[in-house]
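Presented below is the structure to which this report refers.
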Amino acid sequence: MNPTRGAVGGTDPRPAAVVLLSGGLDSATVLAIANQQGFACHALSFRYGQRHEVELAAARRVASALGVVRHVVVDIDLGVFGGSALTDPTIAVPAAGTAEEIPVTYVPARNTIFLSFGLALAETAGAWDVFIGASSVDYSGYPDCRPEYLAAYQAMANLATKATVSGERTLSVHAPLMHLSKADTIRLGLSLGVDYGLTHSCYDPGPDGRPCGRCDSCSLRERGFTEVGVPDPAGG
């Protein structure tokens, strides 16, 4: 096992992993899972042209609370391409249950782009494991959250970098929430000590950062906490 070099020097004997951290409920749970599995976690977040900074503030809170080797925030403006209500303020965020097929909150190729940054960070950090909070249960219908997509991405990743083609090891893309409902995810996170009051899930928060309570993400979150039988500490 190779030690992981930390952000401020020194070494960490744990194996390194990259965790994509949006600041939402799912990615916070995944960071807790990776920690529990014994990884030294490099959290990776993105300022990608989204409407608000509140999710990045949440990501910073979660990274600090759960403990990471370092937290990298990458600036990349996906809004220049348009095509999503999350990056284009002229496109309204639909209320839960009103979207047909793939909703306008889908950001074109977002997970492919984010995972590719994660792949680059993994190579430089000496990590062979990348974690993402994708789920095919209780989700908004995005094509890049499906298990077949992530399997294909992992296969590509192992053909794509100096580290993987050297034959020393293979890289694994982990989606530990893939087959969990939102309620099951919350139960798991609570058992691992996740403070969901630090997280943010809303697609269309108000100027003060408060969740809208009407978008698909708010609806899924509310239903999850209701099924678990505990109040949402974030008030969403």
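Quick reminder: no glycine exception, Cβ is built from N, Cα and C everywhere.
The following features are taken from Swiss-Prot:
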type	residues	note
BINDING	L21, S22, G23, G24, L25, D26, S27, A28, T29, V30, L31	ATP binding site
BINDING	C202, C212, C215, C218	Zn(2+) binding site
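Positions of the features from Swiss-Prot, shown on the structure.
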residue : record              : DSSP (3 states)
L21     : ATP binding site    : coil
S27     : ATP binding site    : helix
C202    : Zn(2+) binding site : coil
C212    : Zn(2+) binding site : coil
C218    : Zn(2+) binding site : helix
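Here the Cα atom of L31 (ATP binding site) is found 21 Å from that of C218 (Zn(2+) binding site). Less than 8 angstroms from the CB of L21 (ATP binding site) sit S27, A28, L31, A43, L44, S45, A59, V62, A63, H71, each of them six or more residues away in the same chain. Within 8 Å of the centroid of the Cβ atoms of L21, S22, G23, G24, L25, D26, S27, A28, T29, V30, L31, where the record puts ATP, the same chain has further Cβ atoms from A59, V62, G133, T199.
The closest partner of G23 (ATP binding site) among the binding-site residues, by CA position, is C218; the full candidate set was C212, C215, C218. Note: the CA-CA distance between C215 (Zn(2+) binding site) and L25 (ATP binding site) rounds to 15 Å.
Neighbours of L25 (ATP binding site), defined as other CB atoms within 10 A of its CB across all chains, total 30. When Cβ atoms from all protein chains are considered, those within 10 Å of T29 (ATP binding site) total 27, not counting its own. It is 22 Å from the Cα atom of T29 (ATP binding site) to that of C212 (Zn(2+) binding site). With all protein chains in the displayed structure included, the most crowded Cβ environment within 10 Å among the binding-site residues L31, C212, C218 is that of L31. A simple Cβ count within 10 Å picks out one of the binding-site residues G23, S27 as the most packed, and that one is S27. Note on C202 (Zn(2+) binding site): other Cβ atoms within 10 Å of its Cβ, all shown chains, come to 24.
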